[in-house]
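Encoded as structure tokens, the structure appears first; notes follow it.
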Amino acid sequence: MEACNCIEPQWPADELLMKYQYISDFFIALAYFSIPLELIYFVKKSAVFPYRWVLVQFGAFIVLCGATHLINLWTFSMHSRTVAIVMTTAKVLTAVVSCATALMLVHIIPDLLSVKTRELFLKNKAAELDREMGLIRTQEETGRHVRMLTHEIRSTLDRHTILKTTLVELGRTLALEECALWMPTRTGLELQLSYTLRQQNPVGYTVPIHLPVINQVFSSNRALKISPNSPVARMRPLAGKHMPGEVVAVRVPLLHLSNFQINDWPELSTKRYALMVLMLPSDSARQWHVHELELVEVVADQVAVALSHAAILEESMRARDLLMEQNIALDLARREAETAIRARNDFLAVMNHEMRTPMHAIIALSSLLQETELTPEQRLMVETILKSSHLLATLINDVLDLSRLEDGSLQLEIATFNLHSVFREVHNLIKPVASVKKLSVSLNLAADLPVQAVGDEKRLMQIVLNVVGNAVKFSKEGSISITAFVAKSESLRDFRAPEFFPAQSDNHFYLRVQVKDSGSGINPQDIPKLFTKFAQTQSLATRNSGGSGLGLAICKRFVNLMEGHIWIESEGPGKGCTAIFIVKLGFAERSNESKLPFLTKVQANHVQTNFPGLKVLVMDDNGSVTKGLLVHLGCDVTTVSSIDEFLHVISQEHKVVFMDVCMPGIDGYELAVRIHEKFTKRHERPVLVALTGNIDKMTKENCMRVGMDGVILKPVSVDKMRSVLSELLEHRVLFEAM
């Protein structure tokens with residue numbers, strides 16, 4: 001067949017196909033028109049969509065596409081030219097818009113792809129943030145558990161409660177099957193199972209401390225997983241268990257307490273640790289998480305701190321109990337010492353009274369005998385008796401003074417006195433004794449030495465007299481010099497007494513007294529012994545000179561009371577020595593000079609020798625001795641032995657009454673009060689004088705309180721009684737210094 005170039009004739013229209021095309025174009029147009037509406041709705045709902053103008057192009061493109069399909073509905077049948085023009089116009093517009101949209105997509109698609117990439121990045125970031133939030137929540141949970149456990153641990157300072165609470169709280173928080181604490185033994189060579197979670201009284205298992213697993217844990221500050229078959233993990237029987245739970249162990253430092261020694265703790269010369277072992281439930285798939293291990297590590301550190309605090313508290317309480325026991329023992333010892341001191345003082349007081357009473361008789365009768373006609377041999381014997389008696393009386397006074405100095409009951413009697421007179425009186429007293437040994441005694445008082453001073457005149461004189469007396473005693477020939485002056489600030493300090501810190505003031509001055517002799521001297525190493533009571537050096541001169549060894553010991557204590565210092569210098573035996581002391585005295589006010597409430601000494605030129613006809617009443621347990629003294633002085637003496645007899649005999653004719661206030665069964669103070677009641681007028685009442693052997697300050701104060709006119713200490717010689725009566729008749733008052 002020859003080929004022909006012909007056009008296939010138009011096939012006849014099929015009604016069914018036309019119908020389907022018609023319906024399809026309608027729905028295509030409907031879809032095209034609905035899509036822009038949906039885009040417009042969602043763009044309005046989105047506030048951040050960045051491609052609104054692109055959607056406008058898409059909307060126009062879709063609308064035009066829908067319009068072509070809609071117009072196409074009229075082209076399936078015969079249609080007019082107008083329909084063809086509209087159809088052509090719609091397709092041209094659709095072509096233009098579609099091309100413009102296609103060109104625009106070239107720029108938009110990369111942005112859209114990057115949006116997807118950003119979406120994936122944001123998803124990854126969100127997942128990472130979720131993980132971090134989970135970690136933060138885990139840390140917060142761990143921190144909450146740590147705070148809770150720390151609060152429970154710190155709620156007590158009992159070591160056993162701390163450890164038991166730790167195991168219980170860890171077991172509850174971490175849902176443990178078992179938790180145990182291994183403590184080092186006292187030797188530090190083993191670990192002993194001390195506390196467990198499930199067992200009330202764990203058996204004291206021990207394991208060597210040098211096991212590899214223990215060394216591994218002790219060498220790290222982290223919680224480490226260990227084998228369930230490890231010796232320190234075998235805390236519970238595994239019978240019937242298919243798979244043991246995971247086990248971790250952590251060290252618990254035992255902090256070094258340098259100032260405390262805990263009784264049941266190991267020796268902490270090197271760093272030591274306890275071991276805490278924690279086991280998860282058996283037959284479970286549970287494993288240890290990082291935050292749980294961190295919780296265990298923090299709790300171990302908190303337990304270490306709490307244990308150190310508890311140990312310190314235990315040792316403090318133990319030290320407190322020990323201190324209380326020591327205080328009780330000290331208090332008991334103090335009371336025993338006070339009882340012993342009171343017993344000693346009572347004994348000394350009784351012995352003082354009992355010794356002075358016979359001493360009074362010996363001295364009184366010896367002094368009476370001395371004034372009678374005696375042969376030279378008899379006079380020598382009487383003088384020896386008197387000297388021995390006076391020495392014994394001095395020894396009694398020294399013992400009592402030392403006793404009161406040691407128990408602190410002796411106090412200085414501060415008053416204004418003539419300082420120059422003290423040295424002159426000592427010089428006058430010592431000069432006759434020195435002249436017998438052919439010793440020259442010189443007194444040098446500095447020009448700037450105050451005449452009046454404030455201090456204890458009696459004790460100062462006692463110090464000077466004792467020091468000068470020692471110089472005379474230990475010197476066979478040569479001279480003795482007494483020098484007194486106001487010490488300058490540069491000469492106050494003595495390198496031998498670093499504890500002596502004198503302080504200068506406008507209200508007081510420091511008196512320096514130096515007594516230098518050319519006597520036997522002393523070894524320098526023996527000088528400290530001189531100030532020890534009852535101690536004597538071994539030199540021949542000392543042994544031959546006698547003495548009780550109390551003089552300088554008492555002087556040192558008196559000097560200390562006066563805030564001073566005393567020392568002795570000597571180059572050796574045969575080279576003499578110098579005694580030096582410094583005492584603190586006050587400057588006297590001119591308005592107070594010589595205004596003393598009573599007199600303590602009597603001028604010799606005013607003493608009467610006899611008192612003929614002077615009526616005296618005596619009540620004394622040694623009444624005959626006292627009466628003998630008074631009768632020898634010419635007095636008319638009446639003696640009584642009871643209160644009733646005393647009150648019956650006493651009258652206005654009696655000028656002086658001597659009464660012993662400490663006679664057995666007689667209260668002398670009450671008797672003095674009754675005498676005052678009987679004689680209401682002062683000029684009618686006789687002079688009341690207490691004659692006593694008690695030298696304590698209380699006796700003197702009691703006598704003054706009940707209105708007595710004087711106190712005289714036994715023993716009394718004829719000369720002393722003569723001076724006493726002379727003073728009483730002249731001033732009607734005399735209180736002998738005590």
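Here the Cβ of each residue, glycine as well, is placed from N, Cα and C on the backbone.
Positions annotated as Cu cation binding site by Swiss-Prot, on the basis of similarity to another entry: C65, H69. Sequence-distant neighbours of C65 (Cu cation binding site) (same chain, 6+ residues apart, CB-CB distance under 8 A): Y32, T94, S98.
Residue counts for the domain 'GAF' (158-307) under DSSP, helix first, then strand, then coil, are 44 helix, 36 strand, 70 coil. Residues annotated as domain 'GAF' in Swiss-Prot: 158-307.
Residues or ranges marked as domain 'Histidine kinase' in Swiss-Prot: 350-589.
Annotated domain 'Response regulatory' per Swiss-Prot: 612-729, in sequence order, evidence recorded as sequence analysis.
The phosphohistidine feature in Swiss-Prot is assigned to H353; the stated evidence is sequence analysis.
Under the heading transmembrane segment, Swiss-Prot lists 23-43 (among others), citing sequence analysis as support.
According to Swiss-Prot, the transmembrane segment annotation covers 54-74 (among others). Nonlocal intrachain contacts for the transmembrane segment (54-74), taken as residues 6+ away from its ends with a CB within less than 8 angstroms of a stretch CB, comprise 22, 25-26, 28-33, 35-36, 39-40, 43, 83, 86-87, 90-91, 93-94, 97-98, 100-101, 104, 108.
Taking Cβ pairs closer than 8 Å, the transmembrane segment (92-112) reaches residues 51, 54, 57-58, 60-61, 64-65, 67-68 in its own chain, all 6 or more past its ends. The transmembrane segment annotation in Swiss-Prot covers 92-112 (among others), and the record cites sequence analysis as its basis.
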Same-chain residues at least 6 apart in sequence whose Cβ lies under 8 Å from H69 (Cu cation binding site): D25, F26, I28, A29, Y32
Collapsed DSSP category at C65 (Cu cation binding site): helix
Secondary structure composition of the domain 'Response regulatory' (612-729) [DSSP: H/G/I, E/B, coil]: 49 helix, 23 strand, 46 coil
